[in-house]
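This report refers to the structure that appears directly beneath it.
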C-alpha cells in the first residue's frame, strides 16, 4: 500500500566517500596547524627571548599571517576554479585540487624559513579549488530527498577532521623531542619537526585522489535557465545569509587562531603559559569528538524542529556567552582549569561546525537551482576573504593587547570581546531573513542525469 511518503534517493557511495575525504582533509589542514603554528613561527625567530613580553606579540602577528594566507589564496582562486569547472566539469577540478594538496602540503612542512612557509601556504590555497566545486557537485548528485543527508555527512567529516587534525598536529609535531631514542634531534625529524603531521595530511589527500580518479563521475545537467546570476544581487535572503556566513567564518577562524596563542601566552599577560602544543591538541580534539556526535544525531533534529532562523540565533547567542567566558579561565588552576575550559571549548566546536552547516543549507535554500553554482561560488569567496583577514587581524589585535598597559577591556580579553560583538551582529542581521529560507526553493524544472 502506497503511503504517499517519498522515499529518499540513495547516495552514490564512492562519490560520497570522496567528498567526505575532501571535507575531512580541508578541516584537518585548517585545524592541524593551530596547535603548532605558534611554536613553528617561534622556531623561525629563535633569536627571540621566551620570557620577553614582546615575544608573544611578535609570534602572534606572524602566526596569524601564515594562517590567513591559505584563505586569501582561496579567495582569489575559488571564483576562477568555479568558472573553469562550469566549462570543463567538476571532476577534473576536484582531482586537480587533491593533487595540489598532495604536492604543496609536504612543502609547507619542509619550509626552511618563514618566507618559504608563507609561499607554500599560499600555493596550497591557490591549488585547492575543491570546496566550492565540491558543493556544486553535491547539488548535482543529489535531489531534495537526500541533499540534507549528504550535507550532514559533510559536517560529520568536517567535525572528524577538526577532532583528528589538532591531535595529529599536536602529538606528531616535534616527534624527536617526544621520542629522542627513536627520532634523534640530528635526524630528519629533528630538522623538520613539523613535517610528520603534514605528511599524514598529504597521504589522506593521495587516497582521495586515487579513489576519486576511478569513482568520480561527471553528471550531465539539463536545467533551463529560469534565473540569472544578476538576480542574486536583488535576492535579499541570499545577500543576508551570505553576509552572516562570511561574518561567522571571520569570527570562528579568528577564535581558532587566537586560542592557541592565548594558551601559549604567559600568565602575566593573561594567557595560560602552556609550553607544549600537545595540551592544546587534546582540547581541540575533544571538541571535534563532540562535534561528530552532535552532527550525526542532534543537529538535524533541532533544525527540523526550530528552523534555520531560530537555530542560527540560538547558536550565536550561546557562542557569544562562550567567547566572553573563555579568557576568564586563566585564573583557574590545574584540574579546575580543565574542568571548566574543556566544556567551553566543546561548546564552541559544536556551534562552529553546526552553524556553518546550517548556513550552507540556508544559502542553497535562498536561490533557485539554476543559479546554485554561482551562489556557492560567491559565498565561498566571501567566507574565504573573511577567513583571510580573521587570523591576521586577530593575531595583530591579540599581540597588541598583550603589549599595552591599558588594562581591561584592552588587555587579553579584547579580541574575545570583539568576536562576541561579531556574533551579536549576526543575530541582528538574521532579523532581515525571510521565513522562506527554511525551505528549499523550487525551480520550474530541474532534471539531472547521472553518468552511469
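Glycine is treated like the rest: Cβ placed from N, Cα and C.
Please treat TrEMBL annotations as automatic predictions, because they have not gone through curation.
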| Listed range which TrEMBL flags as transmembrane segment, given the options 114-133, 414-433 | 414-433
| task | Verify whether three or more Cβ pairs under 8 angstroms connect the transmembrane segment (414-433) with the transmembrane segment (384-402), leaving out any pair fewer than 6 apart in sequence. | result | yes
| task | Six or more residues out from either end of the transmembrane segment (192-217), which same-chain residues have a Cβ under 8 Å from its Cβ atoms? | result | 12, 14-15, 17-18, 21-22, 24-25, 28-29, 32, 36, 40, 43, 90-91, 94-95, 98-99, 101-102, 105-106, 108-110, 168-169, 171-177, 450-452
| request: Using a Cβ cut-off of under 8 Å, list the residues of the same chain at least 6 residues beyond the transmembrane segment (414-433) that approach it. | output: 236-237, 240-241, 243-244, 247-248, 250-251, 254-255, 258, 309, 312-313, 316-317, 319-320, 323-324, 326-327, 362, 394, 397-398, 401
| field | Listed stretch, out of 17-37, 93-112, 150-172, 336-363, that has the most CB pairs under 8 angstroms to the transmembrane segment (282-303) | value | 150-172
